[in-house]
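Following: one structure in structure tokens, then a few remarks.
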Amino acid sequence: MARDSDSSTYPPSIGLIYVFNLIVGTGALTLPAAFANAGWIISLCVILALSAISYMTLTFVVESMAAANAIVRNKRAKLLSKKESMERLNSGQDDSDSSASSSPTKSLLERVKVRKKRSSHRNPSIYTAIMQSEDDDHLQSSAINGTSDMVLLSPQNYLEECDIQETIEMGKLASMFFNSAGSVLFFVCITIYLYGDLAIYGAAVGKSLRDTACTYFPIDVPCNETLNGTVACWEGYDLSRDNAYRLFLSIFVTVIGAFGFFNVQKTLFLQILTGIVRWTAFIAMIVLACIRLLSSPKEDQGHPSVANVNGLPNLFGACVYSFMCHHSLPSLLTPISPKRGLYKLLALDYILIAGFYLLLGLTGIFAFPHLEDLYTLNFVPNRCPHGPSGNLTATVLAVVVPKEAVSMAQQIMFYFLTLFPVFTLSTSFPIITITLRNNLKQLFLRKDEADHCFFVRRLLFPLLALIPPTVLAIVTSDISFLVGITGSYAGAGVQYVIPALLAFYARRELKKEFPQDQVRNVFASPFKHVCFILFVLLWAGASIGFVTYNHVMADK
């Protein structure tokens, strides 16, 4: 749970790239279809509003991380001081008065010196000014006279006390600031979200592999309709598209899910490779959509509605899912050094991401008359070979590629864009599986893991992490539905409710740990007033209620 950040640090620019890559993922591929269903005006307003609220709750998580670091370090210092006192008593020191007076002095001196040594290589100016103006004799006098707050209350010490130096994950934050019931509810919420995440990943990979492999398109089916699952995958064969989807899904889970039984990490190389593939695909989709807008006839382009309230539930879920990064913030932000101006840089990240989402979604809804729930599937060139506008990718490529090279470029672009989710999600699927596996262990195992049999330790929880989402993905391949439900309920809890409550209780615990205002959280959220926390909670409740109402009314 905890890690010293000095062992592996990177500059803010690299950290922001990691955050950017974490946020911009599979959820972005569901936005164009959600935009088309809700209308472009509503989509514009909703995504801007949700990006602002998501940033607000992100600052709540960062504030809670800083408060947890300060509390952990202070408790550790108290424990060390108590241990030193016990050792002196056990050593048979007779002069108890002298020991009592020197103990706090020595503890304070050691604490400041340790902090000076630990931070000197990271920011040499922090303790230089303090130690130039405060020599050891003066510090000892201050400690004896009870005026040591003069040192501990300097702005630099504020920064050091609440500096985010150790990776304290969300589960640890929940156990620190919530009671036992709240901690269990947190793990239930994050577990449900991860189950939905794996189901979405499985469905996206299964559909991508199916649409890559299945080449049959009936002549009597309009080009702008999604093929029924009962249609044959290949002409002359009995294998249906639904069964092909389930077959590819099962193969993917069996091969890639097997890594969930072990411990693997997404290395720097994989992060860079995934980032390159992701950005190449997204930029290609935006460019191809723009070229199609400029080159194809008006009747072959999209004509989205201005507003459609019925599309709001799925749009809300897709937007929440697309801005999700809160559960991974501790491991991403802790190694950043230095952290000055962190909130401004994260705000810039969110502005860029919101602009990118709008560009991706708006170009998609105006370029294509029909949008698949996974945007990459709109670029399949053999989707409707008999129609005048069926070969979408070929139509666009003909504008920028010589005619003799269209066929080869078409195939390369076809396989790259259609298999893009397979490439990226194959590296993320094992990581999410392991995260879910560990959360299930923490939720259900009450004894030490070594006390259980081999089946429980190595087999049971990976299977519990893999089987339910696989069954869910087999039952439904509707990615828009899966994203809408996951984002609207578990996603709202992880992105809105949990960060707001963490910030509220972290502030209270920080005051308890430092009752005389001995520390100030320099990473406190810009949204300090309790009204912002109340607003987020009310917003989450109202949004979940609205989504539930729309789903209930739609079923009637």
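Placement of Cβ uses the backbone N, Cα and C atoms for every residue, glycine included.
What TrEMBL records for 12-35 (among others) is transmembrane segment.
Here TrEMBL flags 17-72 as domain 'Amino acid transporter transmembrane'. Per DSSP, the secondary structure of the domain 'Amino acid transporter transmembrane' (17-72) breaks down as 52 helix, 0 strand, 4 coil.
Residues or ranges marked as transmembrane segment by TrEMBL: 41-72 (among others). Panel annotation: around the transmembrane segment (41-72), residues 2, 31, 34-35, 161-166, 168, 170, 172-173, 176-177, 306-309, 311-312, 315-316, 319-320, 323, 325-326, 329-330, 333-334, 342-343, 346-347, 350, 353-354, 357-358, 361-362, 495-496, 499-500, 502-503, 506-507, 509-510, 513-514, 519, 521-527, 532-533, 536, 539 of the same chain, lying at least six beyond its termini, place a Cβ under 8 Å from a Cβ of the stretch.
What TrEMBL lists as region 'Disordered' is 83-121.
If you look up TrEMBL, you'll see 176-196 (among others) marked as transmembrane segment.
Among the features that TrEMBL reports, transmembrane segment is placed at 244-264 (among others). Using a Cβ-Cβ cut-off under 8 Å and counting only residues 6 or more beyond its ends in the same chain, the transmembrane segment (244-264) has close neighbours at 202-203, 205-207, 209-210, 213-214, 229, 233, 422, 426, 429-431, 433-434, 437, 458-459, 462, 465-466, 470, 473-474, 477.
Annotation source TrEMBL lists transmembrane segment at 276-295 (among others).
Feature annotation from TrEMBL assigns transmembrane segment to 315-333 (among others).
Sequence-distant contacts of the transmembrane segment (345-368) (same chain, six or more residues past either end, CB-CB distance under 8 Å): 12, 16, 19-20, 23-24, 28, 31-32, 34-36, 40, 43-44, 47-48, 51-52, 54-55, 58-59, 62, 282, 285-286, 289-290, 292-293, 296, 301-302, 304, 322-323, 375, 378, 392. Under the heading transmembrane segment, TrEMBL lists 345-368 (among others).
The transmembrane segment annotation in TrEMBL covers 412-434 (among others). Non-local neighbours of the transmembrane segment (412-434) in the same chain are 25-26, 29, 194, 197-198, 201-202, 204-205, 208-209, 211-212, 252, 256-257, 259-260, 263-266, 270, 274, 277-278, 280-281, 284-285, 288, 374, 376-377, 379-382, 393, 397, 462, 465-466; each lies 6+ residues outside the stretch with a CB under 8 Å from one of its CB atoms.
Annotation source TrEMBL lists transmembrane segment at 455-475 (among others).
Annotation source TrEMBL lists transmembrane segment at 481-506 (among others).
The transmembrane segment annotation in TrEMBL covers 527-549 (among others).
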**Report entry** Other parts of the chain folded back onto the transmembrane segment (481-506), taken as Cβ under 8 Å at six or more residues beyond its ends
**Finding:** 27, 30, 34, 53-54, 57-58, 60-61, 63-64, 67-68, 170, 173-174, 177-178, 182, 186, 189-190, 192-193, 196-197, 199-200, 203, 313-314, 316-324, 326-327, 472-473, 525, 530, 533, 536-537, 539-540, 543-544, 547
Report summary line: For the transmembrane segment (455-475), the distant same-chain contacts (Cβ-Cβ under 8 Å, at least six residues beyond its ends) come to 194-200, 202-203, 206, 246, 249-250, 253, 257, 260-261, 433, 436-437, 440-441, 445, 449, 482
Query raised in the report: In the same chain, which residue numbers or ranges, 6 or more beyond the ends of the transmembrane segment (527-549), come under 8 angstroms Cβ to Cβ?
Result: 53, 56-57, 59-60, 312-313, 316-317, 484, 488-489, 492-493, 496-497, 499-501, 503-504
